[in-house]
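What follows is one structure encoded as structure tokens, with my remarks underneath.
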Amino acid sequence: MNQCGTITAVFEFEIKQRDGRARTATFQTPRGAVTTPMFMPVGTQGTVKGISPQELLEIGSQMILANTYHLMLRPGEQLVKAHGGLPGFTAYPGPFLTDSGGFQVMSLGHMRKISEEGVVFKNHLDGSRVELTPERSIQVQEALGADVIMAFDECPPYPAERPYIEASLDRTVRWLERCHAVKTKDDQALFAIVQGGVHEDLRLKSLEATLPFATPGFAVGGLAVGESKEEMYPAVAFTAGRLPENKPRYLMGVGHPEDLVAGVALGIDMFDCVYPTRTGRFGYALTDDGRLNLNSSAPRTQLQPIDAECDCYACRHYTRAYLAHLLRAEEMLAPRMLSLHNLRYLHRLVERMRVAINGQQFHPWAADWSERYFHGNVPGWFTSAFERSTQSEI
């Protein structure tokens with residue numbers, strides 16, 4: 001069932017250091033090596049909103065996520081292919097990951113219909129009928145030319161009945177087999193996605209059916225879709241602890257600072273989320289002291305930067321008062337600078353975690369970070385995640 005063939009050498013994953021379940025590694029791709037743990041900014045339409053490729057490189061971005069669903073519908077994958085793929089189309093020269101389009105299609109609710117063949121949905125742009133199947137998803141992703149592509153899966157909503165989740169994960173495995181069968185390019189790594197909701201036995205069933213495909217990496221899917229942290233993190237710990245040690249582990253759609261720290265503790269290597277840019281556009285900045293609301297009254301007269309410890313352009317040049325003024329004046333520079341800062345904050349966060357892991361100091365570092373971030377009220381789910389992180393992986 002292993003159809004990876006020659007790509008295993010191209011996509012080498014080398015662990016550098018371990019500290020409990022947390023680990024640092026190098027993941028080699030055709031467009032260069034990335035170091036993990038890492039956070040991937042989301043460029044839904046082929047751009048990280050408001051941020052240029054040069055700025056992404058300057059703040060430490062290593063791999064960008066692009067969205068198959070949106071790019072398939074507009075401008076169409078063939079136009080992207082005509083540019084030589086996503087790097088030529090976007091002018092970002094580094095590695096890309098494309099999602100399969102499954103999550104966006106599943107989010108359409110009544111506008112889509114799922115069958116064994118795939119998903120039929122209404123194009124949100126013009127109302128036309130569109131069909132997305134495992135074969136079509138791979139075809140589009142090969143045209144987009146990302147380094148890492150995702151298997152087409154069904155992400156059940158939360159809450160969902162257990163029989164539905166089980167039927168869904170069974171279908172996801174069958175779709176994975178079809179993705180494998182039609183994949184043609186050796187310079188793209190196909191990652192499989194483990195589903196099962198918050199049910200450990202269903203997660204185990206998904207793992208047992210998915211692991212034999214021996215893909216170059218594995219994703220933990222179907223989480224951060226509305227369940228509580230208390231439900232989510234036992235599922236993360238259970239799944240990550242049973243994934244291959246020598247393959248990258250990707251927790252999909254997760255990007256809050258506390259989630260990155262807890263996820264890394266449990267052995268996760270890769271994260272993505274729109275959170276840092278979306279929250280920046282709404283006037284919020286991420287810091288080690290929690291989220292700073294620049295819409296509130298206090299920052300309007302504060303002459304310090306967002307974060308004195310941050311080296312992003314906004315923190316090196318602007319005061320909180322100036323950025324708060326720009327927000328009130330509805331100037332586009334404000335959401336741009338806050339998005340830039342928030343992305344740099346998450347990149348700095350994983351950089352600091354890599355340093356701590358390499359120095360065998362991850363748990364003391366995380367204890368200090370969480371005490372400050374949560375202002376002394378560290379939530380139980382976070383503490384429990386770290387308790388699980390000291391247990392041996394199964």
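Even glycines carry a Cβ here, placed using N, Cα and C.
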Item to complete: Going by Swiss-Prot, C310, C312, C315 bind Zn(2+); tell me which of H341, H347 is listed for that site too.
Response: H341
Practice prompt. Look up region 'RNA binding' in Swiss-Prot and report which of 17-21, 97-101, 277-281 it refers to.
Written response: 277-281
Worksheet item: For the record in Swiss-Prot, which of the ranges 253-259, 288-294, 386-392 is the region 'RNA binding' one?
Response: 253-259
Worksheet, complete the sentence: Cross-ref Swiss-Prot: substrate site D99, S100, G101, G102, F103, Q195, G222; candidate in list D147, D153, D269 matching that site is D153
Worksheet item: Near the region 'RNA binding' (277-281), which residues from the same chain, at least 6 beyond its ends, have a CB less than 8 A from one of its CBs?
Response: 41-42, 48-51, 291, 335, 338-343
Worksheet item: When the Cα-Cα distance from C315 (Zn(2+) binding site) is computed for each of the recorded positions S100, G101, D153, G222, D272, which gives the smallest value?
Response: D272
Worksheet item: Restricting the comparison to the binding-site residues C310, C312, H341, which residue's C-alpha is spatially nearest the C-alpha of G101 (substrate binding site)?
Response: H341
Worksheet entry | Tertiary neighbours of D153 (substrate binding site) (same chain, Cβ under 8 Å, six or more apart) | S100, G102, T172, W175, L176, I193, Q195, G221
Practice prompt. Do me a favour and check the Cα-Cα span between G222 (substrate binding site) and D99 (active site, proton acceptor); whole Å is fine.
Written response: 13
Discussion item. Could you check which of the recorded positions D99, F103, D272 is the closest Cα neighbour of C310 (Zn(2+) binding site)?
Written reply: D272
Worksheet item: If you count Cβ atoms within 10 Å of the Cβ of H341 (Zn(2+) binding site), leaving out that atom itself, what do you get?
Response: 27
